[in-house]
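K.L.:
Checked TrEMBL, it gives:
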REGION    1-28  region 'Disordered'
TRANSMEM  54-72  transmembrane segment
BINDING   G60, A62, V63, N67, S302, N334, L400, D403, S404  Na(+) binding site
TRANSMEM  84-105  transmembrane segment
TRANSMEM  126-154  transmembrane segment
DISULFID  C166-C175  disulfide bond
TRANSMEM  217-234  transmembrane segment
TRANSMEM  246-272  transmembrane segment
TRANSMEM  292-316  transmembrane segment
TRANSMEM  328-353  transmembrane segment
TRANSMEM  373-398  transmembrane segment
TRANSMEM  430-455  transmembrane segment
TRANSMEM  461-484  transmembrane segment
TRANSMEM  505-524  transmembrane segment
TRANSMEM  536-561  transmembrane segment
Amino acid sequence: MPPEIKQGNETTPKLPARKGTGPQARDAPLGLAEGQQQLMELEDRETWSKKIDFLLSVIGYAVDLGNVWRFPYICYQNGGGAFLIPYTIMAIFGGIPLFYMELALGQYHRNGCISIWRKICPIFKGIGFAICIIDLYVASYYNTIMAWAFYYLVSSFTTELPWTSCTNAWNTGNCTNYFSKDNVSWTLYSISPAEEFYTRQVLQVHRSNGLDDLGGISWQLTLCLLLIFTIVYFSIWKGVKTSGKVVWVTATFPYIILFILLVRGATLPGAWRGVLYYLKPDWQKLLATEVWVDAAAQIFFSLGPGFGVLLAYASYNKFHNNCYQDALVTSTVNCMTSFVSGFVIFTVLGYMAEMRNEDVSEVAKDTGPSLLFITYAEAIANMPASTFFAIIFFLMLLTLGLDSTFAGLEGVITGVLDEFPHVWSKRRELFVLGLIIICFLGSLATLTFGGAYVVKLFEEYATGPAVLTVVFLEAVAVAWFYGITQFCNDVKEMLGFAPGWYWRVCWVAISPIFLLFVTCSFLSNPPELRLFDYNYPYWTTVLGYCIGTSSVICIPIYMVYRLIVTPGTLKEVSSRLCCFYLTVRKEVISISIILQFF
């Protein structure tokens, strides 16, 4: 007869553990029917068809558009080759430990980002709801960038790319094609045909006055986004069995294209200038705090813990899968991809500087998507076989973006289906369809003529601080409430060996400090937004923080809700909701013993 545990005024049996399900022996006390239902769900849970499907999915999620444009820009802006030092340090002591932690949590407890907190620390369950809201915000603007790439892809199927000349209907008198055979001088007011194609034909920002007057909706971009969401739906509607096959194309294709573009870029005149500018070390930069902040933010957002994706993907692994090895392999591949992408981008920027007779710093002053859609697109347009290189480049951007979209939505889907299995477990296709429709409707503001302004606002404010706060609380909840000792025992049960002192110290102290450092730096010095010729007014900063807070607010709201509805005294309720078998005092003693090794 299983041991009985008293909960409130009831006495309910606690289910014994079963081999391969791990966390069942230490769940919060459940009713017999509910516990048996969960046990059956775990035993019947879908798993990846092959290990490689999981690895490709995680790599595809971690390697996205940001690896292609953000890392090269951040690197040369913060000391070139010298930036690799803080980047590596932040990866070793911050990014990779958090990456490993989420994979281990998801694989052991085999639940999505919401229901997993029932087994870790129930009072922190609001973290799961916050993650889902953040993922929906990301889906509302990230896919619009892919719609831009799709527009470019369709426009590339011509003998002459439309952003190579100044004779189109959207061009202005300032359009200057310095790649033409005529002797053309580049002046302060000159605008390249690639920039006018991006701003006046694709985005049509000249028809908007800013965030207070977004203008109408672009029907061309709306059709592009609709097609993208259609592809996404039929890739993830059946679960990881389907998406695990799709990533064989979407996760591997970008590496083929990156290699082709790297070889092509290295053979261009002036390519060496770009590489020198990219990697030339400026050791003085290492003394600046903002360089370390940028390194921490870059590695964190590159690896991507905190979005519920790693929890979801790992939850479909077999219980004894070596997630430790997976974490090291996938995080290393991600970091190396960022580094190599820098050569792909800056060989081309060196070529453009050579053709313009300017410094690389002038050519590379654009950041964000503009670096891809203006600077790089312009360089491609003036290469031999430009149509071919344009097609494969924008196809690469699409595949990079699709992987991340699959992952972000799977984080929401797994979280909701695991939390409400009695409602959605047999209706996954219907739920995914509803989720896609919600994301599409949420993207309408980004499809307007001023949609680019909305995208930048969401990118800078709505998700960054929020996800940093979420992961900080997640790390604290796991290390200090669930208990680092218990977590390491869980890992040992799965893998046969426990994490060493390095991982323990990172999870308990270094990684939370790492997150707190980045969050406080961001909040204390919020970025001043500017896009093209538009300076964001002050009220947009307030709006951005309000959007970001709308997700994080779920955490304290749920805490208050659980404290109210759970029977018993405040002390009893707090103890029951946080954990049943560990105390903070025990963890302090454990960590003090570990720290004696230093």
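Backbone N, Cα and C atoms are what each Cβ position is placed from, and that goes for glycine too.
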K.L.:
Tell me which residues of the chain lie with their Cβ under 8 angstroms from that of V63 (Na(+) binding site), as long as they are six or more apart in sequence?
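P.N.:
V63 (Na(+) binding site) has long-range Cβ partners A251, P254, V333, N334, T337, L400, D403.
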K.L.:
Specify the count of other C-beta atoms within 10 Å of the C-beta of C166 (disulfide bond).
P.N.:
19
K.L.:
Would you mind checking how many other C-beta atoms are within 10 angstroms of the C-beta on S302 (Na(+) binding site)?
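P.N.:
Result for S302 (Na(+) binding site): 23 other Cβ atoms within 10 Å.
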K.L.:
Report, as numbers and ranges, every residue of the chain located at least six residues beyond the transmembrane segment (54-72) whose Cβ falls under 8 Å of a Cβ in that stretch; write 'none' if there are none.
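P.N.:
Residues packing against the transmembrane segment (54-72) from afar: 48, 103, 145, 240, 243-244, 247-248, 250-252, 254, 278, 298, 301-304, 309-310, 313-314, 316-317, 321, 326, 329-331, 333-334, 337-339, 341-342, 344-346, 367-369, 371-372, 397, 400-401, 403-404, 406-408.
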K.L.:
Report, in whole Å, the straight Cα-to-Cα distance of S302 (Na(+) binding site) from C166 (disulfide bond).
P.N.:
37
K.L.:
Between C175 (disulfide bond) and S404 (Na(+) binding site), what is the CA-CA distance rounded to a whole number of Å?
P.N.:
36
K.L.:
If you count other CB atoms within 10 A of each CB, which of C175, L400 wins among these recorded positions?
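P.N.:
Its Cβ has the most other Cβ atoms within 10 Å: L400.
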K.L.:
With pairs fewer than 6 apart in sequence excluded, do the transmembrane segment (126-154) and the transmembrane segment (246-272) have three or more C-beta pairs that lie under 8 Å?
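P.N.:
When sequence-distant Cβ pairs are counted, the transmembrane segment (126-154) does not touch the transmembrane segment (246-272), since fewer than 3 lie under 8 Å.
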K.L.:
List, by number or range, the same-chain residues at least 6 past the transmembrane segment (430-455) whose CB is under 8 A from its CB atoms?
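P.N.:
Distant Cβ neighbours of the transmembrane segment (430-455) are 136-137, 139-141, 143-145, 147, 203-211, 213-218, 221-222, 225-226, 229, 232-233, 236-237, 409, 412-413, 416-417, 424, 531-532, 534, 536.
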K.L.:
For the transmembrane segment (461-484), name the stretch out of 126-154, 217-234, 328-353 with the most CB-CB pairs under 8 Å.
P.N.:
126-154
K.L.:
Same-chain Cβ contacts of the transmembrane segment (292-316) under 8 Å, 6 or more residues past its ends?
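P.N.:
For the transmembrane segment (292-316), the sequence-distant neighbours (Cβ-Cβ under 8 Å, at least 6 residues beyond its ends) are 45-48, 54, 57-58, 61-62, 66-67, 70-71, 74, 77-78, 83, 86-87, 89-91, 94-96, 98-99, 101-107, 109-113, 116, 128, 131-132, 134-135, 138, 240, 323, 331, 334-335, 338, 407-408, 410-415, 418, 464, 467-468, 470-471, 474, 514-515, 517-518, 521-522.
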K.L.:
Same chain, outside the transmembrane segment (328-353) by at least 6, Cβ under 8 Å from its Cβ: which residues?
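P.N.:
Result: 55, 58-59, 62-63, 67-69, 71-72, 75-76, 84, 87, 91, 95-96, 99-100, 255, 258, 261-262, 265-266, 268-279, 299, 302-303, 359-360, 362-364, 371, 375-376, 378-380.
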K.L.:
Counting across all protein chains present, how many other Cβ atoms fall within 10 Å of the Cβ of S404 (Na(+) binding site)?
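P.N.:
Its Cβ shell of radius 10 Å holds 25 other Cβ atoms.
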